[in-house]
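What follows is a set of notes on a single structure, which appears directly below.
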């Protein structure tokens, strides 16, 4: 029992609106609303938190098939934010999830085609009393309206963040797009807008052509690249943002191993989300949670909080 308590303290993370027993969570879209088959393979109470699928005002059927293409070291997806709409999420999906997991920290993911859409979804999700925080998805690259359009111009990102903060009753994390020339400018903009934290990175816009047919593999032509192929980009951007803002960061992008988790921390993250790795290992999150304390002990890391503070104290790497 004493060893279990020590391991729990090692992994505990405190973020705005979120008291996490460990830093590991599935990225938005991975587990749907806790209602996909992979979400039933173990108790979700094992997780630090659960980020639900991005929710929009009305139901969305998503993009034309094929929606997913597995490529070397990654996955291209153009799902298109398929979801049943916020009213169904609040009246059906969240109550079912909350009944099963009353103590699990849940992060609601907010999407839309207009600023008013984001405000509507943020209002309904936060006022439902069933989410602990919101993730503002201004970075989805595979929808034709909204999404990434709000996350590539600093002034727009700041204005939207401010509007959502005015109506949200829970802390707001803004999910940043890597498809920009200056990630720090966007991060500073959402910080000015009142964001409580940042999650990053979303997928990198990519494309795959079938050389036999000469046509794009995805029905949407282009899609978002995730997986191991984007990890170095994620690490670089997390590092840049952590050096230039005071906001906590939920890091994601290519996480597959405990060393990937610790690398995210050493770049400046405060928690870690796992997405594409679930394609290869549906038990990836509990595996990481189990292996993390052992690896920390090998490296002489007392706790994740200590590691985070040491990284902050270290500051920028010197040439």
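These residue numbers are counts, starting from 1, taken along the chain as shown.
Note that Cβ sites are derived from N, Cα and C of the backbone, with glycine treated the same way.
Matching 107, 201, 301 to the FMN binding residues that TrEMBL gives (28, 53, 54, 137, 175, 227, 253, 254, 275, 276) identifies 201. Here the Cα atom of residue 28 (FMN binding site) is found 5 Å from that of residue 53 (substrate binding site).
Cβ environment of residue 227 (FMN binding site): 73, 74, 75, 254, 276, 277 lie under 8 Å away, each six or more residues apart in the same chain. Once the Cα atoms of 53, 77, 78, 79, 80, 81, 137, 202, 203, the listed binders of substrate, are compared pairwise, the greatest separation found is 16 Å. Fewest other C-beta atoms within 10 Å: among the binding-site residues 80, 254, that description fits 80. Secondary structure at residue 175 (FMN binding site), taken from DSSP and collapsed to helix, strand or coil, is strand. There are 31 other Cβ atoms within 10 Å of the Cβ belonging to residue 137 (substrate binding site).
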